[in-house]
Amino acid sequence: QVPPVTRAYTTACVLTTAAVQLELITPFQLYFNPELIFKHFQIWRLITNYLFFGPVGFNFLFNMIFLYRYCRMLEEGSFRGRTADFVFMFLFGGLLMTLFGLFVNLVFLGQAFTIMLVYVWSRRNPYVRMNFFGLLIFQAPFLPWVLMGFSLLLGNSIIVDLLGIAVGHIYFFLEDVFPNQPGGGRLLRTPSVLKAIFDTPEDDPNYNPLPEERPGGFAWGEGQRLGG
């Protein structure tokens, strides 16, 4: 019952990591390098830098948990029945993050992309209560900032978190805030070709949302840093 976009993205990340572990490919063939992309036409790097989260280990595991969890909750929640809109958010966020990536020293952007998904979900579920290791209880919109603070405490760079938050906020503002402002309007419109490819006329009758999407909130304990 895993929705298609979540299934495709997480599977691609796992397969990419497996290929690196089996030494079929190396991270040097995947990382974000503007010179190799634009001067040597290694266009695949625009995609592969979002698919590799480091070698198999605890960091990879927690990144996959976050990616799967919040990507799925978005797709089954506010994007339910709107797969084309979800794909468009991926494309818009990826394009914007790539542009920002030209000015920051990050060679893999997948972790920042995950933070973007977390940010959008948190802003669209403002009343869900979160639990951080049983030490902090807060509303969902503070989740990205708690993760950034945790990164800072561990002595890690917070550029990853800031990039994900920035891109997530831009999307949220253009999609959810600006259209409801006086004189505002929808600036982000999903191309009809995406709607023709991805949107289906009927909902799955067997749809069963994750428990986190049901009223009442949930206890959240995955306090590991995304990235690092």
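All residue numbers here begin at 1 and follow the chain in the order shown.
Keep in mind that glycine also has a Cβ here, set from the backbone N, Cα and C atoms.
Quick look at what TrEMBL lists:
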TRANSMEM  47-68  transmembrane segment
TRANSMEM  88-121  transmembrane segment
TRANSMEM  128-147  transmembrane segment
TRANSMEM  153-174  transmembrane segment
REGION    203-228  region 'Disordered'
COMPBIAS  218-228  compositional bias 'Gly residues'
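Within the chain, the transmembrane segment (153-174) has long-range Cβ neighbours (under 8 A, six or more residues past its boundaries) at 89, 92-93, 96-97, 100-101, 104-106, 109, 111-120, 123-124, 144-145, 147, 187-188, 225-228. For the transmembrane segment (47-68), the list of distant contacts is 6, 9-10, 12-14, 16-17, 20-21, 27, 29-32, 94, 107-111, 113-114, 117-118, 222, 224-228: same-chain residues at least six beyond its ends, Cβ to Cβ under 8 Å.
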